[in-house]
């Protein structure tokens, strides 16, 4: 594997689009970035390019939603041809829409099918094929259930890397949002998987809110995936290269990141992208700092207006007290 899962940003539907990933890459050169989940049906039958990304995003992983081995293999070949660094199969999303398509968390109950899907993709690509899963579904939440799933997908499918969302998923009765919050976290269960399967690469996801927490998990596991916190407080990523990967590169200031984002915004605007589609990912950059509310408000109120351009970002930046721009 040419990239590391030591720290990654989770695939988040409606959030981790290519604009978000470009922005996150400015904050950290080493963090592994994931696409939003893309269904095989969208790739095969949909209109538009669902595999588009910026070359600057590497290392970047493409997450698939699907359960047809033939379709997944076809899409995996396309992904490798497009230059993605990793393919990830979603076995963790609990939404009704996903279940109706027979993919996501409900596949935990069909480990042989998941293994077949992974094997089909691995047979046609050279890049890693990984799985993101939960610790259980509904009342199937014993440790034995999880170990059987991991063992089957690893042994029959050849999967060598799993990211475990350390909550179980309720397939009915809870919304996707509630499924990210209500089922209790059980990190020790992920730790035990690593002890029982030491030859596998195991990362954990769910509820991680700081690099300090990430470091604690890394004492037990190979990787940590951060979700909502990385999106809502993106400057968290600014010290990943130094604290998690041990690099000695200087930590970027927030104002520097904004200025580095400007040419990208300008380029996208010239191609017809609306300003708000890019700036929405930047709203949390000054979280918990003086001027943060004014920054968010100015962008939120103005980025959607017809003809909105770089001046909206510059005006919002002017709302931040001068002394704060040095940090």
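Using the three backbone atoms N, Cα and C, a Cβ is placed for every residue, glycine included.
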FMN binding, same site as 11, 12, 13, 63, 165, 205, 206, 207, 227, 228 - Swiss-Prot member from 132, 253, 305: 132
Neighbour count (Cβ, 10 Å) for residue 207 (FMN binding site): 18
By Cα-Cα distance, the member of recorded positions 11, 90, 93, 205 nearest residue 177 (site 'Interacts with tRNA'): 93
Nearest of the recorded positions (90, 93, 180, 296) to residue 207 (FMN binding site), judged by Cα-Cα distance: 180
DSSP state at residue 177 (site 'Interacts with tRNA'), helix/strand/coil: helix
Structural state of residue 228 (FMN binding site), classified by DSSP into three states: helix
Residue pair residue 228 (FMN binding site), residue 296 (site 'Interacts with tRNA') - Cα distance, angstrom, rounded: 17
Rounded Cα-Cα span from residue 205 (FMN binding site) to residue 293 (site 'Interacts with tRNA'), Å: 29
